[in-house]
Amino acid sequence: MFGVSMRTLISPSLAPFSLHLHKPSLFSTALRFSFSINNITPTNSPPSTISTRKLQTKATRVTSSSSSQPLSSSSPGEIHVVVGPMFSGKTTTLLRRILAERETGKRIAIIKSNKDTRYCTESIVTHDGEKYPCWSLPDLSSFKERFGFDDYENRLDVIGIDEAQFFGDLYEFCREAADKEGKTVIVAGLDGDFMRRRFGSVLDLIPIADTVTKLTSRCEVCGKRALFTMRKTEEKETELIGGAEVYMPVCRSHYVCGQNVLETARAVLDSSNNHSVVASSL
């Protein structure tokens, strides 16, 4: 894992948890939040397998403040990075921060990778069912054109990026937005994959970030602090979209033990498959 001597956005140790709750997302150490936001319910409701509680928002994909004056880009912006394993509350934290910025009168937009199709394509959705409209894009370089160059330059203050590990142009986009265009960029994504290797270019943002927050979850086995994501299935590709049916948050001890169990099970399965192939060829 990496260490950073930077102030964090939230304190993971304050999050509630209960070992008796079934959903891994409720083990998250991210702070829960509640906003009183009125009048529009975003479309594309999450499926019934998640909570039906939704954020009521005034925004569609972009929220404008009462002022429509062009922005001044004379001063640099900021970059804030939120990382952690699955079910640690990264999207929840991103959404809380973005809505807090909106409450101060900032104009906001949220982007997520179009690879994330778990709940709905036109909104970011937390594991608890809270949602907010967003731009679902294959890359970040197309955002300015889709959003509108003039609107991007003059009527946008804060950009949220969810599932950031899937964007290959993440570093370049964030650096330019903050350094040259005066935007505040809040990024949420996985720092490591199921093999505990770096995932995408999220970690590349640390040297240019104003703050970095490392969230943790709760181990699905023992309830201790979970830093890692374990894959339950046999697939070995890095990018495999899934939720609790595919992944679980685990502590270091159960990651190591679990990996040994999974590797043994896979070896037995491979051996059984090989014997079946040999027998069928006789």
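One-based numbering along the chain as shown.
In case you wondered, yes, glycine gets a Cβ from its N, Cα and C as well.
The annotation region 'Disordered' is assigned in Swiss-Prot to 45-76.
Positions annotated as compositional bias 'Polar residues' by Swiss-Prot: 53-63.
Sequence annotations record features per position, and here Swiss-Prot assigns compositional bias 'Low complexity' to 64-76.
Listed in sequence order, the residues of the same chain lying 6 or more apart from Asp116 (ATP binding site) and placing their CB within less than 8 Å of its CB are Ser136, Asp162, Glu163, Phe166, Ile241. Look at Asp116 (ATP binding site): DSSP puts it in coil. Among the features that Swiss-Prot reports, ATP binding site is placed at 84-91, 116-118, 162-165.
Look at Swiss-Prot and you will find Glu163 tagged as active site, proton acceptor, backed by similarity to another entry.
According to Swiss-Prot, the substrate binding site annotation covers Phe194, Thr238, Glu239, Leu240, Ile241, Gly242, Tyr247. DSSP assigns Phe194 (substrate binding site) to coil, not to a helix or a strand.
Annotation for Cys222 (Zn(2+) binding site): same-chain Cβ neighbours under 8 Å, separated by at least 6 residues, are Cys251, Ser253, His254. What Swiss-Prot records for Cys219, Cys222, Cys251 is Zn(2+) binding site.
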Gly84, Met86, Ser88, Lys90, Gln165, Cys219 filtered to the binding-site residues whose C-alpha is within 10 Å of Leu240 (substrate binding site): none
Lowest local Cβ density among Ser88, Gln165, Thr238, which the record lists as binding-site residues, within 10 Å: Thr238
Met86 (ATP binding site) - helix vs strand vs coil (DSSP): coil
Binding-site residues compared (Glu163, Glu239) - highest count of Cβ atoms within 10 Å: Glu163
